[in-house]
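Summarising the annotation, TrEMBL assigns repeat 'TPR' to 30-63, 72-105, 114-147, 156-189, 198-231, 240-273, 282-315, 324-357, 366-399, 408-441.
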Amino acid sequence: MGEYSKALSSYERSLEIFKIALPPNHPDLATSYNNIASVYDKMGEYSKALSSYERSLEIRKIALPPNHPDFAQFYNNIAVVYSHMGEYSKALSSHERSLEIFKIALPPNHPDLATSYNNIASVYDNMGEYSKALSSYERSLEILKIALPPNHPDFAQFYNNIGMVYSHMGEYSKALSSYERSLEIRKIALPPNHPNLATSYNNIAMVYDNMGEYSKALSSYERSLEIQKIALPSNHPNLAASYNNIAMVYDKMGEYSKALSSYERSLEIRKTALPSNHPDLASSYNNIASVYDNMGEYSKALSSYERSLEIFKIALPPNHPDLATSYNNIASVYDNMGEYSKALSSLERSLEILKIALPPNHPDFAQFYNNIGMVYSHMGEYSKALSSYERSLEIRKIALPSNHPDLATSYNNIAMVYDNMGEYSKALSLYERSLEILKIALPPNHPDLASSYNII
């Protein structure tokens with residue numbers, strides 16, 4: 001329900017009883033700390049989550065043999081928190097520790113080993129290390145082929161994950177192929193209106209959306225919605241997500257009235273299904289605001305963004321990253337309105353939150369400095385714009401692989417400032433550096449390459 005403080009209160013009450021009723025190193029106490037950690041993770045209270053997971057580990061070390069499979073699950077949970085923090089090297093280390101334990105505790109082709117390789121692949125995907133992600137997914141597939149029958153639903157999830165990596169690479173035809181393979185398996189393994197089929201159609205739609213094939217994207221999203229209408233109750237949150245996705249496509253097509261209609265249908269369902277201050281309601285108001293922003297209806301956009309922010313303030317701790325995103329969105333509207341001082345003020349509030357919530361070189365800081373740079377550029381404050389864009393680039397160099405597309409974006413933005421300043425040789429050099437990265441990171445006919453050549 002997203003009622004995290006109430007969930008914490010109940011888990012902590014449970015823990016108090018276990019502490020009285022059980023010996024101090026009973027495994028059920030470890031489970032309690034694990035549950036508490038899980039809530040802190042969802043709240044964005046990552047240091048508290050790590051602390052509770054560490055307490056859980058201490059108990060397990062006393063209660064269980066050193067290579068018990070439960071330790072593997074623990075290290076996996078720790079890795080998820082580090083991944084949310086953008087601490088990908090630490091996340092990898094924990095996932096690999098989990099894998100080592102599974103290798104000792106389980107037969108060599110146990111499905112849990114496949115899951116471990118899958119988790120490692122997911123981190124590489126987040127890092128933009130797509131070849132390593134694909135390699136780990138392939139290792140996962142080898143295990144699954146031995147451990148499971150050929151049309152087991154787990155294969156569908158594997159092909160889904162592979163499709164996601166190809167999609168991130170901009171290899172949309174390969175992504176489609178993998179998502180369609182996943183759908184074929186689900187059609188054989190599952191009843192015709194199973195929600196997982198809806199997920200497959202949703203993923204296929206997402207690729208078409210990225211390709212700019214909006215009519216095909218809409219068709220697949222609507223097929224997904226049809227299945228969900230049969231499989232789920234009329235106010236299930238997944239239906240809200242489907243209307244949200246359909247609205248997103250209409251928004252990109254410039255069909256703003258249809259986008260608003262679908263976003264509002266999504267909001268109606270969430271109002272019925274969820275508590276009044278659930279974060280998903282904040283997301284709905286955020287999406288509606290985005291459409292008004294695109295329409296140039298800035299006062300309506302601001303109103304919806306501020307409604308979103310109000311909900312996040314109630315639902316989340318005061319330094320949750322989603323609050324920083326809300327201030328960032330409000331700043332974007334002020335920027336579009338030419339209210340640059342108000343835009344900078346909102347961005348500064350966003351920065352204050354990020355400094356408390358995240359480690360100093362988290363990629364989200366790069367996006368923040370990028371946005372600051374954009375405002376200064378619009379103000380004609382080119383030296384300040386350069387400084388912010390260069391700070392963004394420094395963070396991305398530390399946080400990301402050397403040929404990640406976001407680095408190309410940073411070089412492109414710096415080049416744009418030099419271009420505006422009439423420093424054309426510097427601009428060209430940086431635009432070409434951006435292009436070099438994109439050539440490595442993207443397939444040869446990706447639209448972003450066309451944009452780079454056009455700018456040069």
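Glycine too: its Cβ is placed from the backbone N, Cα and C atoms.
For the repeat 'TPR' (72-105), the list of distant contacts is 34, 37-38, 41, 44, 46, 49-50, 53, 56-57, 60, 112-113, 116-117, 119-120, 122-124, 126-127, 358-359, 361-364, 399: same-chain residues at least six beyond its ends, Cβ to Cβ under 8 Å.
Taking Cβ pairs closer than 8 Å, the repeat 'TPR' (114-147) reaches residues 72, 76, 79, 83, 88, 91-92, 95-96, 98-99, 102, 108, 154-155, 158, 161-162, 164-165, 168-169, 400-401, 403-406, 441 in its own chain, all 6 or more past its ends.
Away from its own ends, the repeat 'TPR' (366-399) comes close to residues 86, 88, 324, 328, 331-332, 335, 338, 340, 343-344, 347, 350-351, 354, 406-407, 409-411, 413-414, 416-418, 420-421 of its chain (Cβ-Cβ under 8 Å, at least six residues beyond either end). Taking residue pairs at least 6 apart in sequence, the repeat 'TPR' (282-315) and the repeat 'TPR' (324-357) share three or more C-beta contacts under 8 angstroms. Across the repeat 'TPR' (324-357), the model assigns an average pLDDT of 95.
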